[in-house]
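Beneath this line is the structure, given in structure tokens, with notes to follow.
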Amino acid sequence: MKLKGEKRESSNCSEGSKGKMTLLLALVALISAFGSSFQYGYNVSVINSPAPYMQDFYNRTYFNRTGVLMDSGFQTLLWSLTVSMYPLGGLFGSLMVWPLVNNCGRKGTLLINNLFSITAAVLMGTSEIAKTFEVIILSRVIMGIYAGLASNVVPMFLGEISPKNLRGAMGIVPQLFISIGILVAQIFGLSSILGNVEGWPVLLGLTGIPSLIQLLTLPFFPESPRYLLLQKGNEEQARQALQRLRGWDDVDDEIEEMRQEDQSEKEEGHFTVLSLCTFRGLRWQLISIIVMMMGQQLSGVNAVFYYADRIFQSAGVDANNVQYVTVSIGAINVIMTLLAVFIVESLGRRVLLLAGFGLCCVSCAVLTLALNLQTTVSWMSYLSIVCVIVYIIGHAIGASPVPFLLITEMFLQSSRPAAFMVGGSVHWICNFTVGLVFLYMEAGLGAYSFLIFCAICLATIVYIFIIVPETKNKTFMEINRIMAKRNKVEIRGDKEELKDFHTAPGGQTEKKEFASIEL
């Protein structure tokens with residue numbers, strides 16, 4: 001009788017592991033995302049509001065040193081460096097992902113990363129007292145390195161510690177905190193709060209507080225069980241971590257799934273970026289993340305934010321109130337990303353990606369029309385506002401959060417760090433490129449710039465529709481089998497091997513699948 005009850009409890013645990021959000025799991029997600037992802041978003045927009053006061057500080061400092069006012073061209077150069085050093089640092093941070101997560105672990109990398117943020121926060125917060133603008137530019141590089149690591153490691157960490165039923169929601173939590181970071185920076189940057197001549201050093205220095213909180217609290221939470229088992233080979237620690245995260249003792253099913261993944265990957269070893277790029281068995285996964293990351297950054301989100309202020313002014317919003325409109329756009333971004341957290345497991349990743357890029361595509365097309373006609377047709381300026389809001393909704397539900405989630409899901413343990421390094425590098429290179437190129441595009445093409453973004457969104461939709469599979473509620477191994485067929489790696493076994501795919505025991509299936517990949 002007792003044995004029966006134990007069996008039923010074990011079965012319930014197995015079912016529960018598909019959907020139970022424990023307090024510990026929620027706290028790990030909260031601390032990881034608030035301590036890391038939040039600051040990525042915060043530092044994206046923190047220098048927008050106090051820009052005039054910071055530029056004035058640059059000018060005064062230069063005058064005090066040299067006795068002459070700064071040349072306008074030199075000032076523009078310094079401000080361009082202040083803005084563009086952040087994505088450049090992000091690229092450097094992405095290139096550090098692979099060595100750090102493999103040697104220090106996911107949690108260990110996040111803890112080490114906090115040192116970058118705290119150092120940069122102290123430098124930026126004291127820059128006015130020290131009368132040096134150079135440290136602000138240096139700090140933007142350091143914060144970029146921090147953001148480059150955070151934007152890759154947090155989705156990887158949360159994806160690996162989550163049960164498969166919650167992996168989508170947990171994978172969008174980092175993007176939710178990025179959008180919250182943007183909103184908080186916009187609110188604190190209001191001229192009535194810290195976006196003024198006295199407050200801007202404090203505004204820049206606040207970024208160290210979430211890092212300090214993470215540094216003090218994250219050590220008490222478990223490391224990724226997958227990292228402990230598959231990369232450190234410590235099953236006991238992995239089991240203990242998994243038991244703490246799940247809230248029960250019976251974690252045999254998940255340990256067994258990890259063992260199958262380990263067995264199937266033993267022959268390949270750990271992938272470097274070079275071996276990942278040349279490995280036929282992961283070709284479509286790699287192409288997919290590159291396409292989605294390019295689509296995410298080149299779809300015009302920076303341009304929409306850039307145009308937003310003048311679009312609202314042309315609709316009659318007073319210039320002094322535009323900053324509040326910018327905050328409201330940030331709030332819409334947060335609300336829609338929060339919605340994505342709750343609907344990603346029911347609607348799936350593909351639907352959110354297609355709907356998100358679809359809304360962005362239509363918005364860009366209509367916005368081109370509205371901007372060109374707003375001087376002749378009075379209500380077109382209101383249509384422009386609608387387009388901006390629809391675009392933000394589309395980006396928030398699909399284009400922003402889902403690509404990073406899919407990197408976690410489409411790669412196994414041995415190739416995941418290298419995949420994040422590639423995806424993160426593409427993300428930051430495209431971000432940096434748009435920052436450099438858009439002003440020239442806008443000067444040459446004006447509102448027609450949005451047609452280019454429309455075409456990029458459309459091309460991304462077509463690719464996702466044809467190539468990217470649905471991954472919701474699937475284990476990493478199940479997703480890997482779907483992609484193995486896409487990569488035609490079972491081509492030698494023909495129909496007989498396809499039959500074995502469905503009927504052979506778990507270990508044999510994985511071995512055959514990867515043996516065929518090598519051929």
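Just so it is clear, glycine is given a Cβ too, placed from its N, Cα and C backbone atoms.
Features of the protein shown, as given by TrEMBL:
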COMPBIAS  509-519  compositional bias 'Basic and acidic residues'
DOMAIN    29-472  domain 'Major facilitator superfamily (MFS) profile'
REGION    500-519  region 'Disordered'
TRANSMEM  21-42  transmembrane segment
TRANSMEM  77-98  transmembrane segment
TRANSMEM  110-130  transmembrane segment
TRANSMEM  136-158  transmembrane segment
TRANSMEM  170-194  transmembrane segment
TRANSMEM  200-221  transmembrane segment
TRANSMEM  286-308  transmembrane segment
TRANSMEM  324-344  transmembrane segment
TRANSMEM  351-373  transmembrane segment
TRANSMEM  379-406  transmembrane segment
TRANSMEM  418-441  transmembrane segment
TRANSMEM  447-468  transmembrane segment
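Pairs of Cβ atoms less than 8 Å apart link the transmembrane segment (170-194) most often to 324-344, out of 110-130, 286-308, 324-344, 351-373, 447-468. Contact between the transmembrane segment (379-406) and the transmembrane segment (286-308) is supported: at least 3 Cβ pairs lie under 8 Å, counting only residues 6 or more apart in sequence.
Tertiary neighbourhood of the transmembrane segment (286-308): same-chain residues 276-277, 325-326, 329, 353, 357, 360, 363-364, 367, 371, 388, 391-392, 395, 399-400, 402-403, 406-407, 410, 419, 422-423, 426-427, 430-431, 433-435, 438, 442, 449-450, 452-453, 456-457, 459-460, 463-464, 467-468, selected by CB-CB distance under 8 Å and a gap of 6+ residues from either end.
A contact links the transmembrane segment (200-221) to the transmembrane segment (21-42), because at least 3 Cβ pairs that are 6 or more residues apart lie under 8 A.
With respect to Cβ pairs under 8 Å, the transmembrane segment (21-42) is most closely packed against 110-130, considering the stretches 77-98, 110-130, 351-373.
Tertiary proximity for the transmembrane segment (324-344) is limited to same-chain residues at least six positions away from its ends with a CB under 8 Å from its CB atoms, namely 45, 168-169, 171-173, 175-176, 179-180, 182-183, 186-187, 190, 305, 308-309, 312, 317, 352, 388-389, 392-393, 395-398, 400-402, 405, 472. Between the transmembrane segment (351-373) and the stretches 77-98, 110-130, 447-468, Cβ pairs under 8 Å are most numerous for 447-468. Panel annotation: around the transmembrane segment (110-130), residues 32, 35-36, 39, 57, 100, 104, 136, 138-140, 142-143, 145-146, 149-150, 153-154, 157, 200-202, 204-212, 214-215, 218-219 of the same chain, lying at least six beyond its termini, place a Cβ under 8 Å from a Cβ of the stretch.
Mean pLDDT for the domain 'Major facilitator superfamily (MFS) profile' (29-472) in the predicted structure: 90.
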